[in-house]
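What follows is a short report on a single structure.
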Amino acid sequence: MSGGLAPSKSTVYVSNLPFSLTNNDLYRIFSKYGKVVKVTIMKDKDTRKSKGVAFILFLDKDSALNCTRAINNKQLFGRVIKASIAIDNGRAAEFIRRRNYFDKSKCYECGESGHLSYACPKNMLGEREPPKKKEKKKKRKLPEPEEEIEEVEVSEEEGEDPALDSLSQAIAFQQAKIEEEQSKWRPNPGGPSTSDDSRRPRIKKSAYFSDEEELSD
């Protein structure tokens with residue numbers, strides 16, 4: 001079975017129904033043949049009374065075919081029922097559209113207040129259990145942080161610490177860089193000196209803060 005409803009193949013046209021049967025009655029009668037999605041009874045525009053004709057939309061075409069074979073030319077409440085696969089008149093999309101009944105104070109079957117159609121006294125087969133409401137999934141909100149996000153610390157490899165805002169701090173920082181640079185060129189204690197070590201220039205510590213470095217011969 002392909003995904004989605006196919007009303008042109010899964011809708012049963014039923015005629016010669018008893019006029020007293022309600023939507024809920026037909027739902028209970030035809031549910032034995034498969035999953036019923038929608039029941040539509042044709043009614044008179046003025047009197048709102050049933051014309052004895054209904055469309056039963058099943059979830060799949062196999063259920064609709066089983067229904068027509070089982071109920072066609074069979075008696076129901078003393079009447080011979082006619083059932084067949086409905087002919088698509090081009091309004092299939094409109095037919096399967098779900099209707100929302102916003103006024104929950106009155107029964108849409110009889111128009112009286114105090115009950116809904118599921119428990120309408122005119123249901124010949126008694127009350128029907130209403131469908132369960134689908135629970136809406138609530139979006140989980142991210143918890144608000146109790147403290148402000150800490151600033152990311154800048155490592156020495158990424159650049160100078162921006163906190164060096166005074167001259168004394170800048171001098172100390174520059175001096176540490178010079179000493180670190182000298183330690184890289186300093187030979188291991190007790191090890192023989194190489195010709196490369198003697199050729200490398202020695203950096204002379206500057207007495208003041210400067211971008212230039214003094215080299216000694």
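One is the number of the first residue shown, and numbering goes on along the chain from there.
Even glycines carry a Cβ here, placed using N, Cα and C.
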Record (Swiss-Prot) lists phosphoserine for one of SER113, SER117, SER206, SER210, namely SER210
Which range is zinc finger per Swiss-Prot? Of 15-32, 33-50, 105-122, 123-140, it is 105-122
Which of the listed positions, SER155, SER183, SER193, SER198, does Swiss-Prot note as phosphoserine? SER155
From the DSSP assignment alone, can you count helix, strand and coil residues within the domain 'RRM' (10-88)? 23 helix, 32 strand, 24 coil
